[in-house]
Amino acid sequence: MSWGTELWDQFDNLEKHTQWGIEFAEKYTKFVKERSEIEINYAKQIRNLSKKYQPKKNSREEEESKYTFCRAFLVTLNELNDYAGQHEVIAENLTSQIITELARYLQELKTERKSHFHDGRKAQQQIESSWKQLESCKRRFERDCKEADRAQQYFEKMDADINVTKADVEKRSSHKARQQAQMRHQMASDSKSDYSAYLQKFNQEQNEHYYTVIPNIFQKLQDMEEKRIERLGVCMKTFADVDRQVLPIVGKCLDGMTKAAESIEPKTDSNQVVESYKSGFEAPGDVEFEDYGQAMKRTVSETSLSNSREGKDKSTSKSKGKLWPFIKNKNKLSLKLGSGPEDFSHLPPEQRRKKLQGKIDELNKDIQKEMDQRDALTKMKDVYIKNPQMGDPTSVDPRLTEIGQTIEKLQSEVQKFEGWLAEVEERMPSKSDTHRRSGLYETQNNTAVSNNCAQNRESPDGSYTEEQTSETQVKATINPPTTSTPDIDDEFDDEETLPTIGTCKALYPFEGHNEGTIAVAEGELLFVIEEDKGDGWTRVRRSEDDEGYVPTSYIEVILETNAKDS
């Protein structure tokens, strides 16, 4: 159906309808614009969320990267960041493919609509003007006809009136009346001709107006409206396609998150805990049974660390905890990674070995990088020698010298760290040493009470595993081994010096900062005056007035024969 034939008389309604169509297109444009703003804000929030939970640039980041679940979470954050980028792409495409294009089209549409309705109003004005002229001709013809009828009637009346006097006849002759009547009839005839001619012209114009001009204008409006609707349909399809275009990449982001989640290995992460915190120290041996019923044996162990603690518990219900080998400062573990001297001597053997190996690998990478630069500069120098016009060969020499010095320095560093690494690997306790020490404890303690003694053992943080009073728990975390003995034995400590029961050789240097300990140098020979009671400490003497405790795992003990037999 055509607007021109079916809606020839609905000019005003078509004007309202087309205006509503443009307003609807503007409303849809506003809708898409708001959707684009939502996508931009959503993408921004997703990016901020991903950035917020990204690992910070510190030493902790290196530790977290060792665990599969941390790496999986990092991958998830990166994929989420890419996911946010796709929503930004949606917003950009909505703006460029719909909002901008539709805004430009609406401007053209408004101009076209205005032009069509201007032509329609102009045609309407023309037909109205022709109608007014036709009405004017019609009224003039009607007036002339009436005037001619009146003139004819007057002539006939004058000619037939017998009562008219001779003077009136002279004044108003029938000849003059006849001329007036004829003139009026001629005017009426001319008006009739004009009216007829203009009526024919108007009918032609009206026919052309309603069957040609208006249909053409309305057809253009109909075409314009159909194009507007078609453009809206295209935009709505584009609206969906914009989302569909990013679905493959969004799917890849989600697949990446799924793959990261599937890469988590609980067993690997639990093993990594061992790799991260394994100290390399030997576990304390069995605690020997001390028979206080025999006075002779008391002279050997009366000042031992375990005896002192046991006597103290009985007399005052107070105890001083024993520090483990890797504790050097009160309330502070020196096992903290990433701090300390260059040779990592503050770390336990196993962790020190890993740190040294990592440092060596890092230095080797730097050496390789410098060597690659040196090779590239050497090739450049050869090219300059063969083609002097390309450059001066001597200009490369300073840089080559600098690189050579850097390589020598790095190689020196590698040798230094390799030396430390060799020392650590050579001195780390082996399984055979552990078996030998266990056999030694078994020889010394033919009768061992394991369950009862184990109740007073301490965990690595210095706290007892059994239920304790609050005062005991506080002291156990801060106090080193002491030589305090029960009050009942104080007179023996003041009067007698413990006898030597063997010798030992220091395998590692020990600083001995805490009270009751003694500093030893690597390779130093000392006298053993009290063996390890299962707490990981051995009492040694350097001179008559210089004695204290050292970690048992730091020394190699050689007991005298009579001491072993006792």
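Here, residue 1 is simply the first one shown, and the rest follow in order.
Backbone N, Cα and C define each Cβ position, glycine as well.
Predicted automatically and left uncurated, TrEMBL annotations should be read as such.
As written in TrEMBL, here are the features:
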- 1-269: domain 'F-BAR' (DOMAIN)
- 169-189: region 'Disordered' (REGION)
- 179-188: compositional bias 'Low complexity' (COMPBIAS)
- 300-321: region 'Disordered' (REGION)
- 426-493: region 'Disordered' (REGION)
- 426-436: compositional bias 'Basic and acidic residues' (COMPBIAS)
- 441-457: compositional bias 'Polar residues' (COMPBIAS)
- 465-486: compositional bias 'Polar residues' (COMPBIAS)
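Same-chain neighbours of the compositional bias 'Low complexity' (179-188): 141, 144-145, 147-148, 150-152, 154-155, counting only residues six or more beyond its ends whose CB sits under 8 Å from a CB of the stretch. Across the compositional bias 'Low complexity' (179-188), DSSP helix (H, G, I), strand (E, B) and coil residues number 10 helix, 0 strand, 0 coil. Averaged across the domain 'F-BAR' (1-269), the predicted model reaches a pLDDT of 88.
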